[in-house]
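*Asks:* Per TrEMBL, the features are:
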TRANSMEM  B:7-28  transmembrane segment
DOMAIN    B:68-258  domain 'ABC transmembrane type-1'
TRANSMEM  B:68-91  transmembrane segment
TRANSMEM  B:103-124  transmembrane segment
TRANSMEM  B:136-153  transmembrane segment
TRANSMEM  B:191-212  transmembrane segment
TRANSMEM  B:237-258  transmembrane segment
Amino acid sequence: MTTTLSTSRAASTPPAVPTRVRQSIRERVAPYAYVAPFFLIFAVFGLVPLLFTFYVALFDWNPIGERVFIGLDNFTRLLDDARFWNAAWNTISIWLLSTVPQLLLALGLAHLLNQARLRLAVFFRMSMLVPYITSVAATAIVFAQMFDRDYGLLNWMLGLVGVEPIDFKQSVWGSHLLIAAMVTWRWFGYTTLLYLASLQAIPRSLYEAAAVDGAGGWKQFRHISIPSLRPVIVFTIVTSTIGGLQIFTEPLLISRVSAVTCGPVRQCQTLTLFLYEQGFGQFQFGYGAAIGVALFLLIIVMATINYVLSTRTRSERS
Amino acid sequence: MNHRIRWWTYLLLGLAVFACLFPLYWMFVVASTDSATARQMPPEILPGGNFFHLAGLVFATVPFLRSIVNSLIVAGTIGIGHAVLCSLAGFAFAKLRFPGRNVLFLIVVLTMTVPTQLGVIPQYMIISSLNWVDTLQALIVPGLASAFGIFWMRQHIGATISDEILQAARIDGATTWQIFWRIAFPLVRPAAFVLGLLGFVTAWNDFLWPFIVLKSPEMYTTQIAIKALQNSFDIDLGLAMSGSFLATLPLLVLFVFVGRRMVAGIMDGAFKG
């Protein structure tokens with residue numbers, strides 16, 4: 001989720017340094033040598049493992065014992081496994097609960113920050129990046145404490161207005177909300193900065209002209225800001241799908257005792273946690289790899305749906 | 001838009017700032033009280049005087065100093081790796097002409113959408129067959145360069161460096177390497193610096209991969225040390241919280257000095273229009 005994109009300012013400029021004309025072999029291979037490290041690293045630690053996951057998923061594969069080809073058995077077993085469906089549901093639920101508020105919050109804040117003559121602008125921007133530099137592990141521990149049933153700040157405040165203590169960690173919705181709160185906290189400021197950058201590229205004169213025509217703040221936001229933000233909104237939706245569906249650390253660290261299941265009844269076990277439990281806890285590499293494949297498919301499907309939806313609304317509106 | 005800024009703008013932004021900073025403040029509050037105070041209701045909302053005691057306990061319970069050194073080695077190397085390797089590749093894609101350039105760059109962009117984390121089991125097998133389990137290079141090497149970094153540097157090199165300078169250097173007989181190292185890289189050093197920072201922060205805060213690869217306490221990074229603290233004592237929350245705070249502190253200090261540039265860098269790398 002840390003990626004950003006820019007417009008292809010430099011995309012079409014012709015290359016400046018011809019390396020082919022009457023030059024030594026050394027000069028000719030130089031460009032390939034420069035791009036090679038990335039491709040090498042990505043191949044060995046990214047692509048090959050991902051493809052190999054599909055292969056391992058076809059075996060009963062134990063790190064020490066023998067490996068037996070079992071075809072699609074891992075997958076049929078997966079589809080019958082209530083733990084898998086539970087984890088899939090948890091993953092989607094947590095992802096939705098964290099992505100939607102995060103993007104809306106970022107949209108609103110970016111709009112506020114985009115006003116000309118805003119005082120303390122640098123202070124506001126820097127503060128919003130503090131959660132991003134805070135590690136997930138530290139975030140999980142402090143949030144788990146703040147949301148604690150007996151000693152948590154939040155339940156104390158709720159108690160002041162007469163609400164019974166909520167057991168966030170032990171209940172399904174409670175734990176999902178807790179994890180979503182952590183994810184939202186960590187990412188909304190970063191997303192705000194991405195949106196703000198796009199907003200600042202819109203000429204102020206556009207807003208001024210709209211104001212002259214009698215368009216108020218909300219109308220300006222809807223008809224000028226939102227349309228220009230579309231590319232970055234689509235981008236953040238797709239990246240938060242890819243990142244959000246792989247949530248691992250937050251659920252692992254909120255409960256000390258039953259970490260890999262995220263609670264006695266697996267109320268917040270995500271697919272990545274389930275993968276870890278099967279692969280590295282039970283040493284069932286084949287079954288764990290099958291979970292990886294399922295998660296991969298889920299991410300592809302969700303990212304495609306999101307992409308199509310967010311680009312379709314664009315063509316309908318404009 | 002162009003009118004006076006309303007008071008509620010500042011109220012809302014103030015609330016957002018409060019929400020961003022409060023958890024860190026709270027981390028310090030719990031990390032500085034004793035466990036009895038941490039469990040009293042209503043909670044104590046001011047820091048106590050127990051911080052140095054708990055911090056000492058953190059260093060005694062896990063090899064925390066060692067974990068900070070490990071994190072610095074891993075994150076530092078990855079930060080430098082990002083700055084240099086991504087600049088090199090970005091330079092090649094922005095300024096050099098070679099067969100297959102466009103296809104290769106397309107592949108770089110496409111890899112940004114590949115969720116490689118899902119291959120952790122084979123990744124572990126590869127690391128294991130290299131005999132790299134429980135070593136720092138298992139964390140460093142896979143993170144040395146990234147597609148995002150290449151994309152980022154290509155944009156910056158394309159936008160900042162004029163073709164004329166490079167051609168002039170070529171005519172003067174400079175090799176491609178000299179052109180990169182003497183002319184291009186110094187010109188884009190600010191962008192490479194921000195990219196290195198982003199790589200550093202990401203590596204410092206990484207959890208899943210170190211959690212899988214590292215076994216022995218002397219190899220722990222700070223994030224895994226926090227996890228170990230959380231396990232090791234029964235319910236001493238203050239201890240886990242001091243560990244979390246201590247592991248966050250180096251980044252906070254760094255952020256005070258370079259936060260402005262990081263913000264500018266992130267906004268600079270975002271979609272414009």
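Quick reminder: no glycine exception, Cβ is built from N, Cα and C everywhere.
Annotations in TrEMBL come from automatic prediction, not curation.
Mind running through what each feature is packed against?
*Replies:* Proximity of distant same-chain residues to the transmembrane segment (B:7-28), defined by a Cβ-Cβ separation under 8 Å and at least 6 residues beyond the stretch ends, is recorded for 47, 51, 241, 244-245, 248, 252.
Within its own chain, the transmembrane segment (B:68-91) is flanked in space by residues 108, 136, 139-140, 143-146, 149-157, 180, 184-185, 188, 192-193, 195-204, 219-223, 247, 250, which lie at least six positions past its ends and keep a Cβ under 8 Å from the stretch.
Residues 70, 73-74, 77-78, 81-82, 85-87, 89-91, 93-94, 108-109, 111-112, 123, 127, 130, 188, 191-192, 195, 199, 202-203, 206, 209-210, 213-214, 219, 221, 269 of the same chain lie 6+ residues outside the transmembrane segment (B:136-153) yet bring a C-beta within less than 8 angstroms of a C-beta in it.
Here the transmembrane segment (B:237-258) has long-range neighbours at 24, 27-28, 30-35, 38, 50-51, 54-55, 57-58, 61-62, 64, 67-68, 71-72, 197, 200-201, 204-205, 222-223, 225-226, 229-230, meaning same-chain residues at least 6 beyond its ends whose C-beta is under 8 angstroms from one of its own.
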*Asks:* With a Cβ cut-off under 8 Å, give me the same-chain residues at least six positions beyond the ends of the transmembrane segment (B:103-124) that come close to it.
*Replies:* 89, 93, 133, 142, 147-148, 150-151, 154, 208-209, 212-213
